[in-house]
Amino acid sequence: MGNADYLYPSTNDHQCAHRVAIPPPQPFFKSFKNSLKETFFPDDPLRQFKNKTPSRKFILGLGYFLPILDWAPRYSLQFLKADLIAGITIASLAIPQGISYAKLANLPPILGLYSSFIPPLVYAMMGSSRDLAVGTVAVASLLTASMLGQEVNASENPTLYLHLAFTATLFAGLLQASLGLLRLGFIVDFLSHATIVGFMAGAATVVCLQQLKGILGLDHFTQSTDIISVLRSVFTQTDESKRRPKFFWISAMAPLASIILGSLLVFLTHAEKHGVQVIGNLKKGLNPPSFGDFVFTSPYMSTAAKTGMITGIIALAEGIAVGRSFAMFKHYHVDGNKEMVAIGTMNIVGSCFSCYLTTGPFSRSAVNFNAGCKTAMSNVIMAIAVMFTLLFLTPLFHYTPLVVLSAIIIAAILGLIDYEAAICLWKVDKFDFVVCMSAYIGVVFASVEVGLIIAVAISVLRLLLFVARPRTIVLGNIPNSTIYRNVEQYPKTDNVPGVLILEIDAPIYFANSSYLRERISRWIDEEEDKPKSTEETSLQYVILDMSAVGNIDTSGISMLEEVKKTIDRRGLKLVLANPGAEVMKKLNKSKFLENIGQEWIYLTVGEAVEACNYKLHTCKPDSTKKESQPWNNV
């Protein structure tokens with residue numbers, strides 16, 4: 001960067017510039033209404049109701065909460081064929097996965113089938129995603145087992161544990177639906193991409209380690225989820241694991257076999273009598289009601305509420321992320337708040353009919369997408385297939401070996417370890433990689449809850465750092481233009497003699513006002529300390545480019561006042577460029593505009609530099625650098 005070739009813009013043709021306007025005052029309630037609308041209704045969901053008759057508004061309102069009313073009238077036989085294939089395909093995956101994940105949550109296996117029957121029907125009516133396949137997920141199942149297991153032992157008190165699972169699902173559904181109805185979906189965004197990648201990978205590792213119990217046939221296994229406890233539990237039972245049953249070869253080949261083959265082999269060889277653990281009896285029939293099974297007494301209610309809230313947020317983040325991912329491929333929009341209401345409602349209804357937490361798992365949704373589904377009807381067909389299984393086929397699962405379930409979980413969960421995403425994080429953003437690895441290490445070496453807390457805490461810390469430490473950039477002139485850009489990004493820019501141009505790259509709030517005051521003073525010190533040639537003009541003007549300052553609070557205004565006083569004491573002049581409407585409104589009300597003089601506020605950096613150059617070359621400053629009268633741009 002240099003200034004030898006800097007050409008001063010001509011001022012002969014352009015002796016005045018446009019004044020930066022102060023927005024007209026608005027009534028408080030109108031301004032407050034606009035702020036609420038921008039915060040909670042950025043997508044303007046009420047736009048479709050404008051200029052419509054009351055009956056049409058009622059129909060549109062029903063369609064908003066029940067999207068099935070929009071696509072059902074247009075449903076065709078071609079769509080039915082595609083959804084029928086997709087529904088049967090995901091049912092073949094949902095049945096074994098449902099049984100496996102229920103075992104992972106330390107719940108009766110039949111609950112996995114119950115949870116694949118009622119919730120998909122509710123989501124088919126209320127969900128806005130065409131590709132999301134509803135069901136239980138490994139991470140939520142693991143969290144349920146981990147958090148409820150701290151309060152109640154599933155083996156010693158299975159009934160209470162079961163009722164707590166229903167209660168936690170109810171709380172999760174209430175939280176999810178409330179977030180959607182209150183338009184608070186942005187809370188889920190605090191789970192950054194890096195956090196989710198690390199957390200999911202850590203949870204996948206823990207889930208795979210937990211399956212050592214089924215693969216090795218261990219009867220006594222730790223309730224903890226950290227890797228140290230799991231490995232200690234494995235190696236302290238080496239004698240037990242060496243006593244292999246006669247038909248251990250069935251267990252060894254189970255990861256490569258399907259449930260049908262595994263069950264058939266156990267049935268024909270009577271392997272269950274020789275040490276191979278099987279599911280056992282599964283109750284025939286549809287979901288029994290569980291209205292009266294909720295637990296609202298101390299101390300169990302707090303445990304259920306905490307479990308429900310944490311698992312609910314994780315399930316919500318996964319379901320919405322999966323739905324949006326597949327919607328992007330098919331070029332349609334998924335309403336995040338509508339999805340929250342749909343997922344929350346299906347969990348509320350499901351908790352009343354013996355279901356535990358459900359969402360849209362990636363593996364099942366990917367199968368649904370690849371099978372060519374057209375609408376959410378594929379969930380209905382899957383639910384019908386599960387219903388048929390509940391009514392007639394559950395006895396066939398009696399001989400299914402538990403090692404098959406472990407193999408199914410491992411096969412499904414390995415896809416959550418996205419090492420390519422971790423490598424990408426390392427290449428693109430090292431801090432995001434730290435967040436990712438913190439979540440992974442916390443989950444694997446401590447617990448699922450600790451890993452989640454660490455990851456969210458680091459993500460929030462980074463958010464605070466973004467707010468509290470915004471970037472301030474020195475701008476230079478791109479040769480032969482009136483464009484000013486970052487001197488580090490564009491090394492060939494020219495600096496403007498006698499003028500320091502700084503860009504503030506964030507809103508100015510109480511959290512960053514002190515930092516900005518100190519950083520601006522430091523930039524001025526560094527500029528004045530630079531060696532100057534005898535002909536070169538010393539620093540006279542400091543221009544603050546406020547294009548990126550979307551808002552300012554009273555602390556920020558006080559900071560600007562202090563900066564102006566500091567600059568005045570140095571014999572310099574403060575100039576503002578392109579402050580926004582909200583900033584101008586507050587600067588005007590605080591009398592700061594009168595203090596600085598509106599003639600020192602310009603629409604662009606180019607106009608501000610031109611005015612400063614005009615003053616430098618028409619008015620010779622005195623020995624104290626004090627200006628007699630500012631150049632008026634009006």
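Quick reminder: no glycine exception, Cβ is built from N, Cα and C everywhere.
No curator has checked TrEMBL annotations; they are predicted automatically.
Per TrEMBL, these features apply:
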- 132-149: transmembrane segment (TRANSMEM)
- 161-184: transmembrane segment (TRANSMEM)
- 247-268: transmembrane segment (TRANSMEM)
- 309-329: transmembrane segment (TRANSMEM)
- 341-359: transmembrane segment (TRANSMEM)
- 379-397: transmembrane segment (TRANSMEM)
- 404-428: transmembrane segment (TRANSMEM)
- 440-465: transmembrane segment (TRANSMEM)
- 489-612: domain 'STAS' (DOMAIN)
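Here the transmembrane segment (161-184) has Cβ contacts under 8 Å with residues 40-41, 105-108, 111, 144, 147-149, 151-154, 290, 293-296, 300-301, 303-305, 307-309, 311-313, 315-316, 336-352, 354-357 of the same chain, all six or more residues outside its ends. Between the transmembrane segment (341-359) and the stretches 132-149, 309-329, 379-397, Cβ pairs under 8 Å are most numerous for 132-149. Residues 83-84, 86-88, 90-91, 94-95, 98-99, 109-110, 113-114, 116-118, 120-121, 123-124, 127, 132-134, 259, 263, 279, 281-287 of the same chain lie 6 or more positions beyond the ends of the transmembrane segment (379-397) yet place their CB under 8 Å from a CB of it. For the domain 'STAS' (489-612), DSSP puts the residue distribution at 58 helix, 21 strand, 45 coil. On the 0 to 100 pLDDT scale, the domain 'STAS' (489-612) averages 89 in the predicted structure.
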